[in-house]
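Student: Quick paste of what Swiss-Prot says about this protein:
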type: ACT_SITE; residues: D287; note: active site, proton donor
type: BINDING; residues: N172, E238; note: Mn(2+) binding site
type: BINDING; residues: I175, Y176, R177, R189, W190, L191, R194, G195; note: prenylated FMN binding site
Amino acid sequence: MKYRDLRDFLSLLEQRGELKRISQPIDPYLEMTEIADRTLRAGGPALLFENPKGYSMPVLCNLFGTAKRVAMGMGQEDVSALRDVGKLLAFLKEPDPPKGFRDLFDKLPKFKQVLNMPTKRLNSAPCQEQVWQGEDVDLSRIPVMHCWPEDAAPLVSWGLTITRGPHKERQNLGIYRQQVLGKNKLIMRWLSHRGGALDYQEWCEAHPGERFPVAVALGADPATILAAVTPVPDTLSEYAFAGLLRGHKTEVVKCLSNDLEVPASAEIVLEGYIEQGDMAPEGPYGDHTGYYNEIDNFPVFTVTHITQRQDAIYHSTYTGRPPDEPAVMGVALNEVFVPILQKQFPEIVDFYLPPEGCSYRLAVVTIKKQYAGHAKRVMMGIWSFLRQFMYTKFVIVCDDDINARDWNDVIWAITTRMDPSRDTVLIENTPIDYLDFASPVSGLGSKMGLDATNKWPAETPREWGRPIKMDEDVRARIDALWDELAIFSDKDAKR
């Protein structure tokens with residue numbers, strides 16, 4: 001199922017009982033967060049607050065609050081199908097030339113999908129049905145959520161920030177939180193390694209003193225939103241990947257105030273610029289770690305135009321201790337990562353980012369071990385291959401007889417196959433999440449690798465233990481006898 005815009009997606013969700021309209025007046029100050037948090041933890045529907053207190057614009061929350069809805073947003077019916085999305089990304093990252101006619105025929109569907117990658121530019125678009133500019137620009141018209149009691153101010157959480165570096169043809173889409181600073185000002189909290197920040201750094205070097213054009217789209221179609229959080233190759237625009245997911249080209253329109261292109265069907269678009277050197281202290285905010293983060297300085301985004309659809313919907317979320325919406329999305333996107341990693345490291349059997357580990361700070365990898373030291377090579381590969389794992393603090397590597405997604409299995413492997421001194425890798429002074437207050441200094445910390453694999457002769461002089469396993473003939477005989485033994489009553493079974 002493909003969706004042309006957010007409203008198309010919401011219509012389907014409502015048909016399937018995956019959207020709940022809330023007509024009671026609910027305050028964007030704290031109340032929406034509490035309702036959304038309770039709903040998400042119960043695996044509940046997306047929420048459309050139709051009457052936010054003090055506003056006429058409805059607020060959409062919990063859109064991707066289940067892995068199933070993330071898969072649906074990517075045009076799939078099941079989370080397991082996201083492996084196919086990962087295979088497509090792996091192909092785009094390092095395409096292999098066809099090895100013959102049969103191979104060419106097998107790859108034709110992928111080549112056909114590539115035809116949907118270029119954007120389609122429109123002369124007019126729904127996102128520009130209403131326009132405010134100059135003195136009429138007022139962010140207080142938008143029911144921006146104030147999520148937690150000690151948050152510094154209301155926070156734009158689901159804005160797709162659109163930028164272009166001075167030496168690049170493609171545009172970058174990234175999701176960066178934005179603190180409301182005034183009627184026409186936001187603080188753009190992007191980390192130095194993210195695409196928007198890199199575009200800005202290059203602009204400052206190429207055009208000293210000149211304003212950096214920026215646009216922020218709110219309420220884009222699900223394919224475009226999810227493309228912005230998917231590990232697309234650096235050479236590929238998120239718009240192009242959204243076209244692949246959607247099955248037709250991403251429709252865009254030129255901004256009114258600059259040359260950036262924004263999603264034509266977006267509910268709201270903020271246009272403006274960053275003045276070089278214009279910085280402001282951002283935070284504190286409750287974040288996906290479950291803590292309030294430190295205050296730090298980030299660029300100020302000055303909004304010159306607000307454009308929107310008639311009867312626009314404001315798309316929002318909150319972040320907090322997992323599970324929250326980013327953690328749920330992490331569970332779904334985990335399936336996308338696996339084929340990408342397997343393309344580079346075929347020995348990887350499974351890869352898991354536990355949501356309770358903030359969906360990126362700890363990874364469990366299972367491999368078909370082939371030589372001594374293999375686990376350490378995989379650790380280094382995980383940390384260096386994709387930018388998304390730059391901030392992964394812990395990598396646990398196990399053999400393929402271990403279920404990476406079962407802590408009972410993983411803990412057993414750690415406690416029986418590891419020597420803490422021999423099998424632990426510690427690396428100091430590596431890039432670390434700025435939100436990680438446990439690191440010695442902001443943005444710089446250490447990483448730990450745990451080799452929980454069975455050790456080969458070159459790795460230990462001792463005889464290695466053999467796992468206990470019952471004789472298969474005995475198991476088969478007891479299987480046949482089990483029901484007759486009636487060890488558990490029906491009452492016990494129900495317990």
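A Cβ is built for glycine as well, from the same backbone N, Cα and C atoms used for every other residue.
Remember, it's a predicted structure, so these values are computed and weren't measured experimentally.
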Student: I want the residues beyond I175, Y176, R177, R189, W190, L191, R194, G195 whose C-beta is within 8 angstroms of the mean position of the prenylated FMN site's C-beta atoms, in chain order.
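Tutor: Apart from the listed residues, the neighbours are T161, G174, M188, G196, A197.
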Student: By a simple count of other Cβ atoms within 10 Å, which of E238, D287, the recorded positions in the record, is least packed?
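Tutor: It is D287 that, of the recorded positions E238, D287, has the fewest other Cβ atoms within 10 Å.
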Student: What three-state class does DSSP give G195 (prenylated FMN binding site)?
Tutor: helix
Student: Taking Cα-Cα distance, which of the recorded positions N172, E238, D287 are within 10 Å of G195 (prenylated FMN binding site)?
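Tutor: Matched recorded positions: N172, sequence order.
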Student: Could you state the CA-to-CA distance between I175 (prenylated FMN binding site) and the residue listed as 'active site, proton donor' to the nearest Å?
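Tutor: Here the two Cα atoms are 14 Å apart.
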Student: Three-state secondary structure of N172 (Mn(2+) binding site) from DSSP?
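Tutor: The residue in question, N172 (Mn(2+) binding site), is strand (DSSP, three-state).
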Student: I need the nearest neighbour of R189 (prenylated FMN binding site) among the recorded positions N172, E238, D287, using C-alpha distances.
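Tutor: So, of the listed recorded positions, the one sitting closest to R189 (prenylated FMN binding site) is D287.
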Student: Count, for each of the binding-site residues R177, R189, R194, the other C-beta atoms lying within 10 angstroms of its own C-beta, and report the residue with the smallest count.
Tutor: R194
Student: Once the DSSP letters are reduced so that anything not helix or strand counts as coil, what is E238 (Mn(2+) binding site)?
Tutor: helix
Student: Using the residues the record lists for prenylated FMN (I175, Y176, R177, R189, W190, L191, R194, G195), what whole-number Å value is the largest Cα to Cα distance?
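Tutor: For the residues that bind prenylated FMN, the greatest Cα distance is 14 Å.
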Student: List every residue in the same chain as Y176 (prenylated FMN binding site), at least 6 positions away in sequence, whose Cβ is under 8 Å from its Cβ.
Tutor: G159, T161, M188, R189, W190, R194, G196
Student: Give the sequence-ordered list of residues that share a chain with L191 (prenylated FMN binding site), lie 6 or more positions from it, and have CB atoms under 8 Å from its CB.
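Tutor: Same-chain residues close to L191 (prenylated FMN binding site) (Cβ under 8 Å, separated by 6 or more) are A197, D433, Y434.
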Student: Please report how many Å separate the Cα atom of N172 (Mn(2+) binding site) from that of D287 (active site, proton donor), as a whole number.
Tutor: 24
